[in-house]
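Encoded as structure tokens, the structure appears first; notes follow it.
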């Protein structure tokens, strides 16, 4: 784990020196990993179409949280705009997050962060406690389904988001037969 820095980090300087660290398919770099939370810089464009489900996020600032949800994942868009695709109330929904805006995503919400070219954001998540499970889901977007239909789901304990997601996403991208929807037989796009 990274120790707490002894001096402030000037993010613009860090970014100028490290932007090459933000590479596909996930495009993230861990800026800080403490006992309670992880702070990541994330760049665009990313090359993924999975929906991440994080069951561990707990809101520490109740005034920011909706009454319906006390679990959160924090997004702050530093440069450019992004799109956060979610599955909410058994339907797909797109949430634009513009430059300078922040958004708190309820925990256990399937979400796909779509990051465009030359965009930068910060994402904060809680550390995963022992026994917690993250999920990567891929949904069929080609068939005529009444509700979101999962093609594939990978369940794992996440200890390092930057290294664990990449091989799972790459396996999805390379396995055409594994991208076939069992209900409609359509093959999902790799990215």
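Heads up, the Cβ atoms here are built off N, Cα and C, so glycines get one too.
Listed in Swiss-Prot:
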- 48: O2 binding site (BINDING)
- 52, 73, 111: Fe cation binding site (BINDING)
- 73, 115, 125: substrate binding site (BINDING)
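Taking the features listed in Swiss-Prot, we show where each one sits on the structure.
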residue : record                 : Cβ within 10 Å
48      : O2 binding site        : 25
52      : Fe cation binding site : 21
73      : Fe cation binding site : 22
111     : Fe cation binding site : 21
115     : substrate binding site : 26
125     : substrate binding site : 21
Residue pair residue 48 (O2 binding site), residue 115 (substrate binding site) - Cα distance, angstrom, rounded: 10
Euclidean distance between Cα atoms of residue 52 (Fe cation binding site) and residue 115 (substrate binding site), Å: 14
Remaining residues near the recorded Fe cation site, that is with C-beta within 8 Å of the centroid of the site residues 52, 73, 111: 51, 53, 54, 84, 105, 109, 110, 112, 113
Largest separation between Cα atoms (Å) of residues that the record links to substrate, namely 73, 115, 125: 18
